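Among the features that TrEMBL reports, repeat 'PPR' is placed at 115-149, 150-184, 185-219, 220-255, 256-290, 291-325, 326-356, 360-394, 431-465, 466-500, 501-535.
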């Protein structure tokens, strides 16, 4: 810290304060100068120290208040700029009442009166802090004080109306501004565009964006970034790409690092990782400095794709450019290694994370989960112990991973022991996720009674079961053919206010069909429809397969009720149904039924360009010694440019050859090989 001269003046102190970048040191200098004999701060010095503290950490707020008291005590006359700095400092930290107090007492404290800038600053403070009603009332105060609103005022009002979802009024304000010749600026339009995007009204946002060009007011890069981000987050890749191309081709504005980040992140969200990499290369060519967000996004996207080598390349280049990875980047790469089973690399990275002090509870959770998933139970427990030794507090996810890992690897007693330590339950952040993991472990180990017992104890441990909990139990009960108990569990769900989902009903229905209880399954289907549910493809296929297995092909073929209730999904159900019916028809050795059903579906305008359907038909027909129709189905499959699996053609060739139809077999083999399918020797 610099030494103060014996003869101190405001000018010499200001020079020292400006040279000091550390706000703590600057404050110390200011305080020492305050005690200096024959010295008094002036308005410029007060303004400088207040700006430095106001733009720094919130911990300096008490010092701002102290300095304001000093200004009032010394009766130092200050301009509105000094008062504005204080108001903004309070507003930045959402201390709106403190800001309001300064505004109301500006004359007494600073010797100046508030003008339109002070009004606008306080108005914006109300909006940013979410005190929208107070903002509206305060705007009315403008008129009573004779303050004339300016462009900044209307921009804040547009933001206010967007926050209140009054978009029509926000647009009216824009129009009104043009009428009174108070021309809206890029910020005015950007505020409305941002409001529309945040509320999912992307079409309206694009109209406002295009209006700017009509008004000869050209968007800045922020407007482009907001739109691109909105479209890509909504999964609309094409629209996002169009805005990006307009940005790149525009002559008045250029992409910045935020533009690239938004675009790369959006491409990865849409699964277009290769395009994200291409854009990253382009970003480097254009001398745009990548940041942690760019790298983290790409590493995450590549790891999700399984391209860990590509993720490593990004990581290494990042370090080479002098950009230090943070705990998030390390965690993303660590998770990628775990997913592909690169355990040695996991431990190498883990050591590096330790050296760089970049481990947190999420890091430990990622590594423990990865080790459990790869069957390395002892190693996972070692990481668990290391977490406790290093003073990292486990969260509910940590315990969920620990219990799920033990259950998955057959250590049910250890998992249960943790949950039975009631004196530590609060620390364990007992959650339904943790309980579901243990119940699922019991089910997989065929310990249904233990699962039910633990389920009954959940409420007493202040852990309410979820729909997932019920579904896991219902699935286990159905597999154990305890359908009465499964039904009772559904009733229990309803009584406790839980709404069974399609998975719940499908699990129960599948269990009934597997046990040949088709009448009960149909009754359940009727109840589902009567409650307003629309059966999905999975549920309908379960019923069709159950009817076919029971020999009820007529009802399986019709199922008119389910088709009508499916609406837009009807086509998919018909195609899946044709596959199931073809197989089911032949289960009862009805030789012509499968091919007949095939023709019936064609008459109903159901396209048979489905490889699964064709394979079902071919396998069924060769099983019934109907090789002529099997070859016909194969030819149709090729006409749709589909490739059947190797099983059906192999067996068809075998049947043709065994019946000494060698010429037919040769023709079939020729077609098969020319469609680039390898014959099973």
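Placed from the backbone N, Cα and C atoms, the Cβ positions cover glycine too.
For the repeat 'PPR' (466-500), residue counts in helix, strand and coil come to 26 helix, 0 strand, 9 coil, using DSSP. Same-chain neighbours of the repeat 'PPR' (326-356): 292, 295-296, 299-300, 302-304, 306, 308, 311-312, 315, 318, 362-363, 366-367, 369-371, 373-374, 376, counting only residues six or more beyond its ends whose CB sits under 8 Å from a CB of the stretch. Outside the repeat 'PPR' (220-255), and at least 6 residues removed from its termini, the chain residues within Cβ reach (under 8 Å) are 186, 189-190, 193-194, 197-198, 200, 202, 205-206, 209, 212, 262-263, 265-267, 269-270, 272, 286, 288. Away from its own ends, the repeat 'PPR' (291-325) comes close to residues 257, 260-261, 264-265, 267-268, 273, 276-277, 280, 283, 332-333, 335-337, 339-340, 342, 356, 358 of its chain (Cβ-Cβ under 8 Å, at least six residues beyond either end).
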